[in-house]
Amino acid sequence: MPKPHSEAGTAFIQTQQLHAAMADTFLEHMCRLDIDSAPITARNTGIICTIGPASRSVEMLKEMIKSGMNVARLNFSHGTHEYHAETIKNVREATESFASDPILYRPVAVALDTKGPEIRTGLIKGSGTAEVELKKGATLKITLDNAYMEKCDENILWLDYKNICKVVEVGSKIYVDDGLISLQVKEKGADFLVTEVENGGSLGSKKGVNLPGAAVDLPAVSEKDIQDLKFGVEQDVDMVFASFIRKAADVHEVRKVLGEKGKNIKIISKIENHEGVRRFDEILEASDGIMVARGDLGIEIPAEKVFLAQKMMIGRCNRAGKPVICATQMLESMIKKPRPTRAEGSDVANAVLDGADCIMLSGETAKGDYPLEAVRMQHLIAREAEAAIYHLQLFEELRRLAPITSDPTEAAAVGAVEASFKCCSGAIIVLTKSGRSAHQVARYRPRAPIIAVTRNPQTARQAHLYRGIFPVLCKDAVLNAWAEDVDLRVNLAMDVGKARGFFKKGDVVIVLTGWRPGSGFTNTMRVVPVP
């Protein structure tokens with residue numbers, strides 16, 4: 001028998017924590033994790049960055065893309081349409097600056113985060129950056145009088161929810177700025193409340209307000225949201241992060257506003273309160289994905305229960321094969337410091353181990369002093385965490401839970417992932433039009449990156465929502481002979497994989513293709529050595 005080619009099967013991508021990956025039990029897997037095992041070169045988890053004053057210049061955006069940003073999030077709680085239009089233009093300009101080289105080009109998605117039915121305070125002394133100190137025990141009057149909309153200070157605070165006096169009682173608590181400041185209601189009038197500061201701190205302009213336990217009667221989609229969503233459709237955004245989704249009907253309402261023209265926009269529902277957690281299954285059913293928005297969630301439900309909600313939501317999303325994003329305070333201290341706390345490093349890693357498809361940065365990239373360092377840090381932590389996943393058990397369970405199906409794409413996807421484990425493949429190459437074939441493969445959480453080749457730019461951008469998909473945009477004209485066109489795209493994926501260090505000549509890759517043109521015909525799996 002001829003000796004096997006000495007390089008074959010040593011795909012270095014698979015040596016990462018391989019000893020641990022082959023363990024028989026989860027405990028043994030943990031015992032075998034090795035801090036000196038080099039991680040994989042590809043990162044499978046998507047990184048979403050909020051774009052703000054610290055990061056909206058084209059130059060900075062280029063650096064962020066190089067550092068690993070996959071999705072640019074625009075927070076519509078702040079800023080005008082002109083402001084956001086300029087940011088979108090800058091993101092696209094930064095992305096396209098890499099377009100001359102199809103090997104290195106990375107499509108970046110644009111996400112619109114709605115303001116939603118949230119309550120915010122007014123401006124402090126007319127300035128977006130001013131702050132005032134609220135002292136514990138002090139009296140603070142809350143007013144609905146618009147004369148104070150831009151004149152808030154340490155004595156009087158305007159907020160934008162007109163029915164607040166109807167839904168809070170004397171003794172109710174009001175939380176401001178992600179719960180950092182707490183107020184207790186002492187008396188209520190027709191259009192004002194008198195509160196005592198329980199927990200003080202410095203208060204900035206336009207901060208979020210939470211009323212835990214109050215039956216807040218705000219519409220799921222406000223007038224502002226409708227205008228913002230229509231603006232998003234015009235601007236051709238790729239996804240919407242819908243704030244404060246409480247039930248499936250809220251998601252349908254967002255979809256209705258997006259209309260026919262925005263029917264391909266993915267709707268990611270943000271779960272931010274008790275009702276959203278309680279009705280999670282119906283919301284998941286109606287949505288394209290879920291965001292675990294831990295900021296507001298951690299005020300609306302007790303802080304010590306947030307991790308339970310996070311694990312439950314990520315688990316159910318993984319089971320259903322829908323993307324899930326873990327967000328809020330992931331590297332919060334990096335707003336002001338170049339290194340994260342140990343707890344934050346652990347938090348990012350554990351979100352990845354829980355099964356999150358994407359991890360998100362908010363203030364860290366929007367207004368922080370170290371936006372690039374934050375992106376790089378998430379990239380490095382995610383890579384290490386991905387290597388430490390106990391894939392043996394995960395794949396077994398995902399396969400057991402998946403319903404029996406006669407759909408050729410689903411069956412081929414399971415086969416491709418199983419084969420990728422067996423032969424330690426350097427990557428799984430998928431040719432996909434709508435993206436569905438790649439999503440099916442991602443659902444089974446392979447160790448190897450999924451290189452998804454598509455000619456549809458939106459499919460490429462939206463693919464970042466799914467764990468493990470590395471989208472490649474093919475800009476070549478379609479060849480007449482179907483087989484030649486397949487080879488053209490597979491070869492592009494091979495070139496990208498080699499250039500990115502995912503695999504080298506002689507390694508094995510899995511190739512998943514269709515047997516004829518069009519969507520819905522993916523059914524052929526091949527095991528191919530890299531040329």
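Cβ from N, Cα, C; glycine included.
Because the structure is a prediction, the values reported are computed rather than measured.
L-serine binding, as stated in Swiss-Prot, involves Asn70, His464; the candidate among Arg106, Arg436, Arg489 given for that site is Arg106. Looking at Lys162, Lys475, Swiss-Prot tags one of them with N6-acetyllysine, and that residue is Lys475. Record check, Swiss-Prot: substrate site residues include Arg73, Gly295, Asp296, Thr328, and the candidate from Lys62, Lys89, Lys270, Lys311 also listed there is Lys270. The Cβ of Lys305 has fewer other Cβ atoms within 10 Å than any other of the recorded positions Lys115, Lys305, Lys498.
Per-residue pLDDT, averaged across the region 'Interaction with POU5F1' (307-531), gives 92. Of all Cβ atoms in the protein chains displayed, 16 besides its own lie within 10 Å of the Cβ of Ser37 (phosphoserine). Its Cβ placed at the centre, Lys433 (N6-acetyllysine) has 17 other Cβ atoms within 10 Å. In sequence order, Asp113, Lys115, Glu118, Arg120, Lys206, Gly208 are the residues of the chain that are 6 or more apart from Ser77 (K(+) binding site) and have a CB within less than 8 Å of its CB. Neighbour density for Asn75 (K(+) binding site): within 10 A of its CB lie 19 other CB atoms from the protein chains shown.
Here the C-alpha separation of Thr41 (phosphothreonine) and Arg106 (L-serine binding site) works out to 16 Å. The L-serine site is set by Asn70, Arg106, His464; from the centre of their CB atoms, other residues of the chain with a CB within 8 Å are Gly46, Ile47, Met69, Val71, Pro107, Val108, Ala109, Arg461, Ala463, Pro471.
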